[in-house]
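Just below is one structure, and these are the notes that go with it.
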């Protein structure tokens, strides 16, 4: 009886491990071009400037198994600001990355890898810890389902509606030239 229980337990454990492994997509699926279509933050700068912000773009590429590069193109009143940041994977428990140069930790909260990703960023600047959530979409038109997921996750992190901005589309600032 004991052997049977142990065998069933091991079989169940193997089955759960196989199922979990089968549902974890290849990390490289998050690579490619993304539109930053929504933001949530409680920083003074964001709350003051959010109505002037437009949709940004990002291109994610993998440099190695545990390292990725993100190229950004963000429209500003005086032109298009572009930069790149390299992140290293810090955890096997989910997609968590850290950038030494930007002093920023990013975590993939939710994604289907095909159409949307919700990213949560934490950064320490001038002794203050700042947080921002971003909704990434593969196209400028984000699905209502992805928007609902973003708003739900924002609410779970105590962001109010005033702290969330859906960004208007723009065409002049792209990652294609980064």
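Note that Cβ sites are derived from N, Cα and C of the backbone, with glycine treated the same way.
In the three-state DSSP reading, residue 123 (enterobactin binding site) counts as strand. Feature annotation from Swiss-Prot assigns enterobactin binding site to 43, 104, 123, 134.
Around the Cβ of residue 134 (enterobactin binding site), the same chain contributes 36, 38, 39, 118, 119, 121, each under 8 angstroms and 6 or more positions distant in sequence. Per Swiss-Prot, 1-tetradecanoyl-sn-glycerol 3-phosphate binding site is recorded for 72, 104, 134, 135, 136, and the stated evidence type is similarity to another entry.
What Swiss-Prot records for 80-173 is disulfide bond. The Cβ of residue 173 (disulfide bond) lies under 8 Å from the Cβ of 54, 56, 57, 73, 74, 75, 80, 81, each of which sits 6+ residues away along the same chain.
According to Swiss-Prot, the signal peptide annotation covers 1-20.
Annotation for the recorded positions 80, 135, 136: lowest Cβ count within 10 Å of the residue's own Cβ, 80. Annotation for residue 104 (enterobactin binding site): same-chain Cβ neighbours under 8 Å, separated by at least 6 residues, are 85, 87, 98, 121, 122, 123. On the backbone, the CA of residue 136 (1-tetradecanoyl-sn-glycerol 3-phosphate binding site) and the CA of residue 43 (enterobactin binding site) stand 20 Å apart.
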